[in-house]
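Trainee: I have a structure I would like to understand better, so I am pasting it below and will then ask my questions one at a time.
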Amino acid sequence: MVNRLLDKIINEGYDISYDEAVRLIDEDIDKVLQGAKKLRKVFCGKHVDLCSIINAKCGKCSEDCKFCAQSIFYNTNIKTHPLCSYDEILKLAKENELEGVHRYSLVTSGRGISGKEFEDILNIYKKLKEDTKIKLCASLGIISKYQLKKLKEAGVSRYHHNLETSREFYSKICTTHSYDERIQTIKNAKGVGLDVCSGGIIGLGESFIDRINLAFELKNLKIRSIPINILMPIGGTPLENQRKLNNEEILKTIAIFKFINPKADIRLAGGRGSLENYGEEAFLSGVSATITGNYLTTQGNGIKNDIKLLNKLGLTV
């Protein structure tokens with residue numbers, strides 16, 4: 001089955017069906033991983049897109065996402081801080097640019113950004129556009145089409161907004177805003193001409209079918225950058241005792257996402273540390289992009305280490 005699907009996807013531009021994706025769950029894992037590797041090679045080549053983030057505003061979030069350390073609903077003892085200064089944001093941007101990172105994103109806690117805070121962020125992006133050559137991304141929550149247009153005018157080229165999980169499982173993860181609000185934000189971003197980065201988190205307690213449903217939702221939205229985060233349970237959150245996924249289940253999930261979205265960059269994101277060798281095998285199983293450096297509330301592998309790893313695998317940045 002795997003070889004037949006590969007031939008049709010590569011040579012005929014075939015989109016696999018939902019039933020075919022479900023059947024991949026029970027296929028031999030080595031065949032599925034090798035198939036995803038071939039799809040990455042055909043559609044994305046050897047290049048790996050590197051992006052980095054700064055936790056530009058941390059904590060005191062009004063939303064109740066059950067995996068998140070920054071929600072006001074949970075006692076996680078994280079250090080909160082208001083919007084970082086421009087000097088802090090510029091320093092990290094320049095460091096990342098010098099180390100070879102392609103994209104840099106401000107990430108802010110909260111449902112969304114408005115008022116003076118949004119104006120401050122616009123000014124930050126305008127200055128970054130002048131002071132660096134790195135591509136600029138933004139992850140500011142649920143915001144309006146007007147705000148997205150202003151971000152684009154300020155120099156942002158890509159907006160990040162995860163769906164997190166399937167529509168069917170979503171209510172078990174978040175109740176303070178809807179799945180449709182997330183989808184509308186994505187549509188608004190695309191509507192003003194921004195590229196969109198959107199994916200989710202695996203290991204929340206969802207089924208493999210939920211992951212496939214998410215992958216098809218992203219396909220229908222024509223997302224070309226799909227970050228896959230792996231839950232790292234955080235003390236104080238409702239998911240602090242959630243079972244961790246094993247290496248094989250994570251890799252097979254990533255590979256099936258690639259079969260469903262062959263032309264998209266599957267981006268290895270938060271939780272890489274739960275994979276052997278920081279996801280070395282994932283880069284040979286469909287992944288063609290990664291967040292490098294540190295994440296929002298957890299540590300990463302380091303930019304130099306990531307580039308060294310990718311070069312060892314014969315990949316380029």
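Note that Cβ sites are derived from N, Cα and C of the backbone, with glycine treated the same way.
The following feature annotations were taken from Swiss-Prot:
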BINDING   Cys61, Cys65, Cys68  [4Fe-4S] cluster binding site
BINDING   Ser105, Cys137, Cys197, Arg267  [2Fe-2S] cluster binding site
DOMAIN    43-272  domain 'Radical SAM core'
Trainee: For a quick check of packing: other C-beta atoms within 10 Å of the C-beta of Cys197 ([2Fe-2S] cluster binding site), how many?
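Mentor: Cys197 ([2Fe-2S] cluster binding site) is surrounded by 28 other Cβ atoms within 10 Å.
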Trainee: Taking the center of the Cβ atoms of Ser105, Cys137, Cys197, Arg267 at the recorded [2Fe-2S] cluster site, which other residues in this chain have a Cβ no more than 8 Å from that point?
Mentor: Cys51, Ile53, Arg103, Ser139, Arg158, His160, Ser225, Pro227, Ile291
Trainee: Should Cys65 ([4Fe-4S] cluster binding site) be counted as helix, strand, or coil on the basis of DSSP?
Mentor: coil
Trainee: Which are the residues of the chain, Cys61, Cys65, Cys68 excluded, whose CB is within 8 A of where the CB atoms of the [4Fe-4S] cluster site average out, their centroid?
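Mentor: Counting only non-site residues, the set is Glu63, Asp64, Phe67, Ala69, Gln70, Ser71, Ser109, Cys174.
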Trainee: Provide the number of Cβ atoms within 10 Å of the Cβ of Cys61 ([4Fe-4S] cluster binding site), excluding the reference atom itself.
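Mentor: Result for Cys61 ([4Fe-4S] cluster binding site): 22 neighbouring Cβ atoms inside 10 Å.
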Trainee: Expressed to the nearest Å, what is the distance separating Cys65 ([4Fe-4S] cluster binding site) and Cys197 ([2Fe-2S] cluster binding site) at their Cα atoms?
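Mentor: Between the alpha carbons of Cys65 ([4Fe-4S] cluster binding site) and Cys197 ([2Fe-2S] cluster binding site) there are 19 Å.
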Trainee: If I restrict to non-local contacts, at least six residues apart, and a C-beta distance under 8 angstroms, what lies near Cys137 ([2Fe-2S] cluster binding site) in its own chain?
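Mentor: Set apart from Cys137 ([2Fe-2S] cluster binding site) by at least 6 residues yet with Cβ under 8 Å, we have Cys51, Arg103, Tyr104, Ser105, Leu106, Val156, Ser157, Arg158, Tyr159, His160, Cys197.
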Trainee: For Cys68 ([4Fe-4S] cluster binding site), what residues in its own chain, 6 or more apart in sequence, show a Cβ-Cβ distance under 8 Å?
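Mentor: Looking at Cβ-Cβ distances below 8 Å from Cys68 ([4Fe-4S] cluster binding site), excluding near sequence neighbours, one finds Cys61, Tyr74, Ile234, Thr237.
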Trainee: Please list, in sequence order, the residues in the chain of Arg267 ([2Fe-2S] cluster binding site) that are at least six apart in sequence and whose C-beta is under 8 Å away from its C-beta.
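Mentor: For Arg267 ([2Fe-2S] cluster binding site), the qualifying residues are Asp49, Cys51, Cys197, Gly199, Ser225, Ile226, Pro227, Ile228, Val287, Ser288, Ala289, Thr290, Ile291.
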Trainee: What mean pLDDT score does the domain 'Radical SAM core' (43-272) have in the model?
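Mentor: The average pLDDT of the model in the domain 'Radical SAM core' (43-272) works out to 95.
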